[in-house]
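Novice: Features from TrEMBL:
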type	residues	note
REPEAT	79-113	repeat 'PPR'
REPEAT	114-148	repeat 'PPR'
REPEAT	184-218	repeat 'PPR'
REPEAT	254-288	repeat 'PPR'
REPEAT	289-323	repeat 'PPR'
REPEAT	324-358	repeat 'PPR'
REPEAT	359-393	repeat 'PPR'
REPEAT	429-463	repeat 'PPR'
REPEAT	464-498	repeat 'PPR'
REPEAT	534-568	repeat 'PPR'
REPEAT	604-638	repeat 'PPR'
REPEAT	639-673	repeat 'PPR'
Amino acid sequence: MVNEGVDPDVVTYSILIDGLCKHGEIERAMELLHSMESEGHESNVVTYSILIDGLCKHGEIDRAMELLHSMKSEGHEPNVVTYSILIDGLCKHGEIDRAMELLHSMKSEGHEPNVVTYNILIDGLYKHGEIERAMELLHSMKSEGHEPDVVTYSILIDGLCKHGEIERAMELLHRMKSERHKPNVVTYSILIDGLCKHGEIERAMELLHSMKSEGHEPDVVTYNILIDGLCKHGEIDRAMNLLHRMKSEGHEPNVVTYNILIDGLFKHGEIHRAMKQLHSMKSVGHKPNVVTCNILIDGLCKHGEIERAMELLHSMKSEGHESNVVTYSILIDGLCKHGEIERVMELLHSMKSEGHEPDVVTYSILIDGLCKHGEIERAMELLHSMESEGHESNVVTYSILIDGLCKHGEIDRAMELLHSMKSEGHEPNVVTYNILIDGLYKHGEIERAMELLHSMKSEGHEPDVVTYSILIDGLCKHGEIERAMELLHRMKSERHKPNVVTYSILIDGLCKHGEIERAMELLHSMKSEGHEPDVVTYNILIDGLCKHGEIDRAMNLLHRMKSKGHEPNVVTYNILIDGLFKHGEIHRAMKQLHSMKSVGHKPNVVTCNILIDGLCKHGEIERAMELLHSMKSEGHESNVVTYSILIDGLCKHGEIERAMELLHSMKSEGHDSDVVTYSIL
């Protein structure tokens with residue numbers, strides 16, 4: 001246009017600068033600004049605002065601030081849009097305090113912020129966890145005569161929901177209504193989402209009815225939120241009913257709706273219904289997308305249907321549906337979990353040949369699979385090949401390999417790999433250290449594990465409750481109870497809060513070393529510090545009391561745990577039944593069996609074995625045989641151990657023929673005898 005004698009104006013330049021900014025060509029945009037000014041073309045506030053926006057979007061906040069000062073020094077007065085753009089840029093880069101300062105500057109310079117400016121700041125504050133300051137800003141803007149709009153309230157309601165303040169979010173909805181600000185479908189959808197995420201499904205459903213009764217029609221997003229909430233809380237049938245209702249009310253479900261439902265059905269084991277939904281979505285003209293494909297393949301893999309997952313990938317590709325690196329990573333994970341390492345390696349080559357470049361997640365899954373199947377050398381080779389191909393490994397990749405080495409007893413190589421990762425600039429995290437500390441103690445190297453605790457702290461890595469729990473467990477298992485107790489006190493003094501697992505480990509250690517009274521004292525201490533014991537803690541103590549002949553105290557503890565609202569489980573009853581048998585209390589042991597059944601706990605194979613063993617040891621062979629038959633007729637499992645116990649009992653009572661008959665019975669029922677069974681016979 002210049003060659004043809006047409007002189008570009010400020011609008012032309014501004015359009016060009018905007019285009020360059022949108023394509024990431026910031027330097028060329030800056031050059032164009034300078035050349036237009038040097039050629040005598042006057043830039044304006046719009047030109048500068050476009051450039052400031054481009055700089056902000058490319059993370060060049062300081063240059064954007066400099067440009068604001070330049071435009072002012074050149075006599076171009078910024079407007080509310082310019083300031084709002086900069087405030088938005090500062091907020092998005094976490095510079096909240098500078099954004100607040102800029103708000104005060106613009107006001108002091110006589111530029112009045114508008115509702116958009118305030119909305120940007122309120123959004124920035126809540127997204128950086130400053131919900132109270134966001135609420136204060138709402139009051140400030142109102143007191144200064146700036147009326148909030150539906151966006152302001154929706155942002156704040158979203159912030160409150162995401163910070164778990166559901167009641168305050170509900171109050172804010174009522175307040176906005178009382179101030180004659182009409183909520184819209186977005187406001188209601190945000191609140192419904194918050195309620196669903198906090199498990200308040202019924203209130204979310206009530207809010208759906210309220211919004212409709214007030215004339216606000218829910219959209220597909222609202223319905224998707226509710227269907228997702230219902231699926232996540234196991235209410236699949238209600239989710240399906242809601243799908244039918246939205247259709248009957250003229251709301252067309254979209255691909256997201258079907259993805260949510262298919263995912264929910266898979267997660268609740270309803271494979272057939274999930275596949276049926278796939279056919280439904282296709283029949284109404286919704287083309288499955290890559291997310292659908294990934295959900296289906298993941299669901300099939302998790303239910304052991306690897307072949308169907310592989311077939312589905314091929315059929316979806318032949319139908320022109322996309323796949324991506326996530327699709328292949330899911331399948332690789334499924335194959336690894338089923339021990340199909342060679343097929344995994346083939347799939348890796350296929351994905352590469354189809355133009356899908358594996359990422360660090362894909363490689364980490366593969367390395368994990370190789371480690372879990374004992375192929376440590378191949379896992380190490382894969383690490384080197386991924387790095388040589390330009391794929392950057394991360395702390396997760398190294399942690400997986402270190403875990404694999406530890407689990408295969410290669411502690412020194414695991415320690416070497418820790419040093420290598422550090423020398424290559426990969427900083428280990430607390431998980432990496434926990435894996436190594438666990439590996440060291442499990443291989444009897446408790447002192448090296450303690451040294452590693454000191455090293456990680458000296459390097460600025462803060463141990464967590466898991467680190468201390470692993471070490472306390474290690475010390476207990478090595479008989480170092482006093483050092484374990486000292487470590488508990490040290491972690492508390494360093495402001496690391498022990499949890500129920502930490503206390504349960506120590507209580508177990510004390511019980512196993514015969515220190516029942518100290519274990520009971522520790523139970524009281526943990527409760528007084530606000531740590532509520534769980535069923536595992538109680539089971540440890542009940543087991544300890546039984547093993548030390550304190551049956552009545554064990555029974556009292558059972559009653560106490562029930563009175564505190566802790567429901568005993570099948571393990572609790574197994575411990576008690578075993579303890580009672582071992583102390584000759586057959587009648588009370590059988591009574592506990594009836595108690596566990598009466599409260600809905602189904603005896604398992606361990607219960608069956610404890611009972612049969614107890615009866616055999618007390619010479620009650622016939623009752624043991626009757627019990628086996630009755631438990632089988634009630635659908636309770638038995639195993640090779642059950643039969644071995646009974647065969648042992650019969651042999652000890654000289655009933656060799658019956659023992660041989662029982663051996664044939666167990667084989668006919670599909671239980672293969674083992675070396676123990678034959679040794680008994």
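Each residue's number is its place along the chain shown, starting with 1.
Cβ atoms here come from the backbone N, Cα and C positions, even for glycine.
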Novice: For a three-state summary based on DSSP, what are the helix, strand and coil counts in the repeat 'PPR' (184-218)?
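Specialist: Once the DSSP states are binned, the repeat 'PPR' (184-218) shows 26 helix, 0 strand, 9 coil.
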Novice: Looking only at the repeat 'PPR' (464-498), what is the mean pLDDT?
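Specialist: Averaged over the repeat 'PPR' (464-498), the predicted model reaches a pLDDT of 93.
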Novice: Which residues, given as numbers and ranges, are at least 6 beyond the ends of the repeat 'PPR' (604-638) yet have a Cβ under 8 Å from it?
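Specialist: Beyond its ends, the repeat 'PPR' (604-638) has Cβ neighbours at 570, 573-574, 577-578, 580-582, 584, 586, 589-590, 593, 596, 645-646, 648-650, 652-653, 655, 669, 671.
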Novice: Can you tell me which parts of the same chain pack against the repeat 'PPR' (429-463), counting only residues 6+ beyond its ends and a CB-CB cutoff under 8 A?
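Specialist: Sequence-distant neighbours of the repeat 'PPR' (429-463): 395, 398-399, 402-403, 405-407, 409, 411, 414-415, 418, 421, 470-471, 473-475, 477-478, 480, 491, 496.
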